[in-house]
């Protein structure tokens, strides 16, 4: 059996892998080592003699001279002998490759010392027979033999000493087949990086299957990858370098992958063998997992409500039948209570025992309390109390973060409102209504803006803009751009020139790149409206004949390197309403922009004779409704009346 397996592996190396012109994956190295380790020592001379004769016969049948064949026979017998002797020196009894110590001994003796011995002799033979450089031949020889030992001997020894004498044959075959399929797919293309596909398969097997199945899949992966490479498939076949370097790097990649899966399987086996057997230990393990999950949830929680719900769901529910979280708002106020979902209002008539733990604050004042209720008496033992105190400390840390956020949240709301203009009553030829809606509760400050201001010679300027982002950096960039635009508009002859100058100024403003801006000016004397868009959505003009978008004066966003910008113009009729908005009003992740823009135009045109405030409210309700906003939204409605008050609406 040893002779047949060795001859088959050696012939495979010659016929399919390219030996002897290069040093390749040498599976017989693992065959010989397995035979020695699994046999009584009195049989070793016969095994080594049979291997030597087989090696010489195979080498000479492929045209190698006797003296060089004898040299390789020496290398391929000395190598497994050294590995087996050292292995049995440190592991004289059963070799369990699921144990960390046994694995380390196997790697050091059989994958390290043995192949180093063989590589020393083999590299000398290669240098003499082919004139190959000795150092490169040594590394290549060692890589090929070490991979063969790792895969073949590892698989044989794992199957020989497997704890389950009857593993599932079908599941094992499916596992090995999945590894082969992943390797074929991964190593088929040259230019598509798919060679990593066997890695997740092997790692998944290490998690879900036994070690012997994982190593068998690793052996199949190794053989398949080498066959695919030798037939011109995969990334290694496309490398423009020496064949020795190609095969050496391939073996190292495969060996590292299999060893990683092996180590993972050992870790899983050690975990399984160390499972707690008593119910108390199992409960402690579940509590630890609950704390890990809760820690993750608390790290994501923003508000006190988010934190309380997570604690009730992931923490209290782990050890108690029911429970609640009571939180005292910062600065005092009425305590807010969150209870288990199946006990609204805290009603739990079947409670036999309970535990209440304060949520500690920095100043000695409790931030609230956790209550644990149980159906059985005396359920609050020492472990439960320790878990409850840990849970209270985690809750306290999260609540302190939430209180800081809530203070900052209120401050940012005030900041956002301060950054938006106060629409006064000095504009006697237009009525203006505007609204700003943040993306969501967590983003009350952002980069969208609107503005209305007077210009020289009785003109009026309007602007809307959208800075990328929702946080303070976007708001700061927005404030600077808004102020710069106001200043530039005072002297520029028209909207196109304003955006040209603003584009140049934006290079000096952090976070202003790719901002979209729309700017228009209106002359009440001539009723001429001029407008320009730097990457912004077009404005909508609503008249008695309906609503139409103004597509003139379009150019790229700020900082996009556009050429000189253009502008459009239109003479507006009496009581026309000019609507400009940011993309949050019409963009939805699952809807087409063009469809929503048409919806907006239809909604604007369907309202008979609207004023600015009515139209603003109508369009917001029609387009946004109660859905969650994923982007900031600004809408600005300007009605050209010729005279009349301004009606600001900042909501």
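Residue numbering: from 1, along the chain as shown.
Each residue, glycine too, has its Cβ placed from N, Cα and C.
For 238-409, the entry in TrEMBL reads domain 'GAF'. Among the features that TrEMBL reports, domain 'PPM-type phosphatase' is placed at 427-640. The transmembrane segment annotation in TrEMBL covers 12-37, 44-62, 68-91, 103-127, 139-161, 168-188, 194-224, 245-265.
Taking pairs at least six residues apart, the transmembrane segment (245-265) and the transmembrane segment (44-62) share fewer than three Cβ pairs below 8 Å and do not count as touching. Using a Cβ-Cβ cut-off under 8 Å and counting only residues 6 or more beyond its ends in the same chain, the transmembrane segment (168-188) has close neighbours at 194-198, 200-202, 205, 209, 213-214, 216-218, 220-221, 224-225, 228-229, 233-235.
Using a Cβ-Cβ cut-off under 8 Å and counting only residues 6 or more beyond its ends in the same chain, the transmembrane segment (194-224) has close neighbours at 25, 27, 97-98, 147, 151-152, 154-155, 158-159, 162, 164, 167, 171-172, 175-176, 178-180, 182-188, 234-236, 253-254, 257-258, 260-262, 264-266, 268-269. Sequence-distant contacts of the transmembrane segment (68-91) (same chain, at least 6 residues past either end, Cβ-Cβ under 8 Å): 26, 28-29, 32-33, 35-37, 41, 44, 48, 51-53, 55-56, 59-60, 102, 105-106, 108-111, 113-115, 117-119, 121-122, 124-125, 128-129, 141, 145, 149.
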